[in-house]
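Enquirer: Right, I'll just put the structure down here and ask away after.
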Amino acid sequence: MKRTPHLLAIQSHVVFGHAGNSAAVFPMQRVGVNVWPLNTVQFSNHTQYGQWAGEVLAPQQIPALVEGIAAIGELGNCDAILSGYLGSADQGRAILTGVARIKAINPKALYLCDPVMGHPEKGCIVPQEVSDFLLDEAAAMADFLCPNQLELDSFAGRKPQSLFDCLAMAKALLARGPKAVLVKHLDYPGKLPDGFEILLVTAEGSWHLRRPLLAFARQPVGVGDLTSGLFLARVLLGDSLLAAFEFTAAAVHEVLLETQACASYELELVRAQDRIAHPRVRFEATPIEL
């Protein structure tokens, strides 16, 4: 019997709705990965509602929880670590301590960093120290880096002038250490308004993918978290980076189709679960080079 992969997911959690681990854990489980959720914050709901309750996990709890797993002899079974929203830079450094601990036991373990830097216009606010940590420390340790356009701009220190400029900015990130950069949302001058575009960049090649942009009265939250989680899950299940990229685009689109059909503000993960595991749509990425 083929072994089921195990993944430690260290990011935010909301009691109601879907963001962070609440957007990523169930879909990763649904495609066949055992997920160990470690919640960096626990909020009542995501911050775009304008109000929320909850608290940030104390940084020292992260390595303590990792050591607790080690104490029962299970840490070596961890095949990958996913990190997302951070409440503080100290939390981020605690995560890197955990990543190093896991990689010392299992050198093949992968680390995907979703460098959430905040989007004030959407109500997602991240302290500057977190952005600095992601730029200066986390990127160097990550096997996979999954920024959106705003985060890519922050890494590059500028805005793109074209699609090929986005590609150049993502390629420059490879020099910081990651094996691959997945840009979860592209935005650049001249981009067609009816499409949603993503980019995968590796040392071996780069691919661009465009899918239809769906209209919502209020844009659902958690799409980036869902994207990062599914991409890493599919890699653990044996997909090539390109196959994982294309599968993720299809599965995320299926979730958004179901969410749109329900006129829902929250992602309809449960209703779309079969389509997450077995997408009916398919998107083919196009090779792109400078």
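In case you wondered, yes, glycine gets a Cβ from its N, Cα and C as well.
Annotations for this protein, taken from Swiss-Prot, read as follows:
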BINDING   Ser12, Thr47, Gln48, Asp225  substrate binding site
BINDING   Asp114, Glu151, Lys184, Arg211, Pro212, Leu213, Leu214  ATP binding site
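Could you place the listed features in the three-dimensional structure?
Expert: Asp225 (substrate binding site) falls within a helix when secondary structure is assigned with DSSP. Within the same chain, the residues at least 6 positions away from Asp225 (substrate binding site) whose Cβ sits under 8 Å from its Cβ are Gln11, Ala19, Gly20, Asn21, Ala23, Ala24, Gly84, Asp114, listed in sequence order.
The Cβ of Lys184 (ATP binding site) has 23 neighbouring Cβ atoms from other residues within 10 Å, across all protein chains displayed.
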Enquirer: Could you list the residues of the same chain, at least six apart in sequence, whose Cβ is under 8 A from the Cβ of Arg211 (ATP binding site)?
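Expert: Long-range Cβ contacts: Gly195, Phe196, Ala249, His253, Phe283.
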Enquirer: How many whole Å apart are the CA atoms of Glu151 (ATP binding site) and Gln48 (substrate binding site)?
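Expert: So the Cα of Gln48 (substrate binding site) lies 18 Å away from that of Glu151 (ATP binding site).
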Enquirer: So which binding-site residues are near Leu214 (ATP binding site), with CA atoms within 10 Å, out of Ser12, Thr47, Gln48?
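Expert: Checking Cα-Cα distances against Leu214 (ATP binding site), none of the binding-site residues falls within 10 Å.
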